[in-house]
């Protein structure tokens, strides 16, 4: 199969996948127990007022009518209007998603640079105390809950030493738009701790994958050939071994990056970061169907598309990969 | 320590979750052995002599007590487990079902599919307004409000009379009779009177005076606060973001009410005595013209955008909310027929039907909106507003969604605040809040959380904690639609078993008071101490069941008597 055919087939598969995800989300939220209007109405509203709200949300329509309307709107990326804020879901997502992205991507980049580098060294220096120490650290990073690490960091560096802010993304009443804010030292100061805690957590995954992959590559004949040719150790390590060990990292990174879009509820909660993760959970708990559906669709779409991109990159990075 | 409390503490230790665990450990030192603990039998069943099997009728059904998840409200979760344990000790067969809050609320308030439920009643400005929804006999259909399933024509009659009675003294008599009726029938058991809490850094601000029904977050509180040491900013917090800037489009949650109440004037305002105070109200005078007409004299004032606030704006606000059937004000709208301008400073409001406490239930509630901003808005509750314009003592400054909300002083207000701005930060993590309070970065604890951190910090020099009776309480509500629970004697026996004092002492750090009346002392003269009271006594509960003809099997479980 040619690359073009592969892409066409995968794009069609993506369409089916999006439909399946949207359908599951739609029915899943409606199968959840609890009346979404019970979160919107005041306890002192009259039954008639409550009924008017139900009708204004379209929740009195038959399920298939709601489903068709949902699919039709989703095609135009219109996920409706929040039951709680009366805002278009698109606006809700655009309010919170950038905050999450800047935090998660910062953490992600730090984690993957450090994780991959350390993974290369631990694979290379197999059996040494350095490897053992690094692996233990990586396992610890993956095992300790992030909110716990976050609270300890806040306790020591925030409450104790006073070198990091305790909460939020900036100081009170910061002027300017989002873009101008994120390039201020105040913002970077607020970003430091949550990004570091997340990076510490994320780092273990690429580190361990890279280490395993490196060990596999280092056992192959071409490494011996490199040595026989008299290449420098660092050249073999990075130019030949690490480059060939990178492929598994690519898939892992694509999936991890997709999940990063969903934010980290715990970190956003501990550090008071106004991100999409908290909003997503709040929407589910309050049965705000439009927001919940919209945010989950964005998360699903990111994972699906990044996986697709990773598949394409595989073929580009390793010519031996075929599209059969 | 009494043996009763010892038993309660043991049950608490057995049943309570991790939140209260540390506190429970302190209590363990005082616990007696199992054999000294008549109430602590985990297997359930009353400690009584069994009735002859031939005299046993059907056993009372197994009752399901719906409980919120521990993570949602830890102390209430622990309290429900403890109450359930104690109900078993009078011979009821109990099971606790833990549900996520939305599901729980729906099961109780909409579907009425429960046997026992507990939550925090809503802040209300008038107790009868609440009861006329939750205790009125006609409201027992699903979703109508009377989730307790309580029906009593006498109580209905008292509520009806109260709502149309223009004479305040007569209303007091009626509500006293009503609360006695409710405490005699016990459709709802008040477990704990939850207080208004003012927790603040006393180096920054002082003079906290509460008000009905918003306590220390009320208009009256804000206009009376005194900032210290040149401090100009009042900093509070909320654990989650505000939803909207639309004063007609929110769901009455406190986070919204606390802000819109200070941004928008109403025609009349209450003081800390619960009285209408025209010195701080938009209306400088008011008069009941006849039983269904009120007249208000409106002072010269302006909106935050500089436009004059006229009688036409008042007329518009009342008519607009009533005509558009704004859901948030649906109760008030039912009482509004029409508003009209009598002259340049007088507004007359005609009621749909006579309403005695009109000022309290409507006059203090309806926000005065600028007609020039709202006249063209057809769906008032669904309007998306970026910058709200009211006429209250605080005006909109900025809203950083999910992070912070800032209000600033409106200098032209007739009852100005003492601070330049008020900021609410969105801080979900409680320990961060307390760190901010200790350091003075946060001026006051807006949310009123009663937890271990409050207990650990309340004795610090820079922290002051004030409590005042609030209008709300934790209720334990049996569903009168369920067999057995339709009998007031069973409900009374259950109330004997509810461990109110241990809940206060051990789960709520001795901050609130045990409940005994469904009308809180916060309502001032509307409250009376002269109601039927129930001892916290398992044996009294058992005896009450026996006196009502119920019998016990050899496992101590309650049965109806044999036919």
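Numbers here mean position along the shown chain, with the first residue as 1.
Any Cβ shown, glycine's included, is placed from N, Cα and C.
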TrEMBL annotation of transmembrane segment - which of the ranges A:217-246, A:247-276 it falls on: A:247-276
Which is it, of A:77-98, A:187-208, that TrEMBL names as transmembrane segment? A:187-208
Find the member of A:12-32, A:101-125, A:146-167, A:296-317 that has more C-beta pairs under 8 Å to the transmembrane segment (A:187-208) than any other listed stretch. A:101-125
Tertiary contacts of the transmembrane segment (A:12-32), defined by C-beta under 8 angstroms and 6+ residue spacing from its ends, are 63, 66-67, 70-71, 74, 284, 287, 289, 292-293, 296-297, 300-301, 304-305, 308
